[in-house]
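> Residues or ranges marked as domain 'ABC transmembrane type-1' in TrEMBL: B:16-204. Annotated transmembrane segment per TrEMBL: B:20-40, B:52-73, B:79-99, B:146-166, B:186-205, in sequence order.
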Amino acid sequence: MSDESRLLFDVPGPRARRRIRIATGVSLVAIAALLALVLHQFAQHGQLAADQWSMYGQWPIIHFLLTGIGQTLLVTAVGAAIAFPLGALIALVRLSRNRVARALARGYVELFRAIPLLLLLYVFLFALPRAGLTFPIFWQLLIPIALSNAPVVAEIFRAGVLAQDRGQAEAAHSLGMTYWQAMRWVVLPQAVRKLLPALVSQLVRLLKDSSLGYVVSYLELLHKTQVLGEYYHTVLSSYLVGAACYVVINASLSWLASRLERRQRG
Amino acid sequence: MPTGLHETLGPLGHGLQLTLAMTAIAFTGALVLGVLLAVCRISPVPPLRALGTAYVTVFRNIPLLVLLVLFVFGLPDVGLLFSLFATVTLTMTLYWAAFVCEVLRAGIRTVPLGQAEAARALGLTAGQSIRHIILPQALRSMVQPLANVFIAVALSTSLAAAVGVAEMTGQAQFVTLKYDQPLTSFAATTVVYVLITMTSGLIAGRIERKVAIRR
């Protein structure tokens with residue numbers, strides 16, 4: 001039994017066990033019926049035909065999708081390489097003792113957490129070019145992603161530093177370290193280790209954000225599945241295969257995050 | 001062509017209405033479906049638990065934009081044709097329900113096991129202990145996370161613009177292209193999004209302080 005069920009339910013006795021068995025049977029039938037309904041609807045409209053699905057066994061198609069996955073991972077990696085250090089820096093400024101700097105960092109976090117990524121993307125796509133500022137497609141996608149993820153990372157870092165035992169920083173100061181030395185050598189290394197699971201989870205969000213490459217016509221996974229679907233007239237199956245790829249990659253990342261978390265607790 | 005302020009603000013106002021309507025419907029729907037999913041995930045019935053887990057894993061790991069294009073362009077291929085607004089709002093409901101479910105589960109987990117054991121020791125039935133002991137405590141710790149989901153829903157409605165719904169972000173783009181007013185439209189839209197997130201954050205903070213339990 002999981003933690004939550006132990007909280008809500010007593011250990012079942014014979015009567016409860018019989019009720020659970022009956023509910024198991026009923027729900028199995030209901031789930032099977034739901035599945036049959038979906039398959040029936042697919043079959044009715046020819047979505048189960050072999051020509052809709054056989055193409056995903058061919059190497060050129062697989063290769064085409066794999067390069068899309070590669071681009072998605074590239075955007076995620078570069079996005080993280082910019083957003084994570086930038087977020088850490090903003091967090092440190094927010095924790096610093098200079099009031100003006102603190103206010104500026106806070107303003108950045110509050111503002112950019114409230115702007116939807118797509119709006120930011122449109123600013124780079126439609127507004128900035130009017131001011132004579134254009135970027136290559138890759139950066140048109142990446143700068144907004146980094147700008148909108150940095151404040152979230154900053155808040156993760158700030159929470160981590162604040163959760164540190166104050167004695168650690170005090171001990172560093174008593175050894176004669178300055179504020180920044182204490183941060184660099186004592187507080188941050190401990191905080192980062194504890195924050196690792198949260199940071200890996202943030203990668204999932206970054207990877208999901210990369211799907212907005214669809215809007216700027218950057219050929220990442222989602223845009224590639226669109227091209228595939230329109231070229232072969234397999235819109236539904238293409239998007240379904242693309243979605244499955246996202247689930248597999250992100251579920252692996254989430255699994256990694258929860259493993260890191262368990263290792264820390266254990 | 002000179003343009004008055006009302007010409008840019010008019011479309012943005014329409015967009016705002018759509019944004020608010022989508023946010024309200026999608027969040028309410030996600031709450032209802034999220035409760036159902038959480039009940040499934042916690043229940044002692046194995047197939048329902050598996051169903052809940054599978055749902056949450058799938059929907060949390062697919063980018064919302066992928067779900068949107070899948071439903072908007074894919075559903076007609078299996079003979080399900082709804083209006084664009086209905087499809088988009090339904091997609092957001094399905095997506096955010098997975099997050100609501102996890103918030104509820106995490107909230108229930110904050111209640112110490114001893115509370116449930118004490119309730120049983122007092123002779124309360126399962127229903128009584130859930131209603132009087134566990135839920136009142138669990139609900140309090142869900143205020144802030146649920147507000148975060150609400151803010152995320154409000155911001156995510158902007159993605160509807162990418163599949164052709166003229167909500168606020170879509171209108172900002174439209175106004176920019178038609179009236180050449182990038183600064184006004186994007187600034188006004190940003191202000192509204194900031195207002196939405198800050199108001200929800202403030203309200204949630206108020207509620208949370210009011211119902212906080214000091215242990």
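Just so you know, glycine gets a Cβ as well, placed from its N, Cα and C.
Help me see these features in their spatial surroundings.
Tertiary proximity for the transmembrane segment (B:20-40) is limited to same-chain residues at least six positions away from its ends with a CB under 8 Å from its CB atoms, namely 48-49, 51-52, 55-56, 85, 88-90, 92-101, 103-105, 108, 149-150, 153-154, 157, 160, 165, 167, 196.
Listed by sequence, the residues of this chain that lie at least six past the ends of the transmembrane segment (B:52-73) yet keep a Cβ under 8 A from its Cβ atoms are 37-38, 40-41, 84, 87-88, 90-92, 94-95, 97-99, 101-102, 156, 159-160, 162-164.
With a cut-off of 8 Å between Cβ atoms, the residues of this chain six or more beyond the transmembrane segment (B:146-166) that come close are 11, 14-15, 18-19, 22-23, 26-27, 30, 64-65, 68-69, 72, 84-85, 88, 92, 95-96, 99-100, 103, 173-174, 193, 196-197, 200-201, 203-204.
Residues 8-9, 12, 15-16, 19, 23, 143-144, 146-147, 150-151, 154-155, 158, 168-169, 171-172, 176 of the same chain lie 6 or more positions beyond the ends of the transmembrane segment (B:186-205) yet place their CB under 8 Å from a CB of it.
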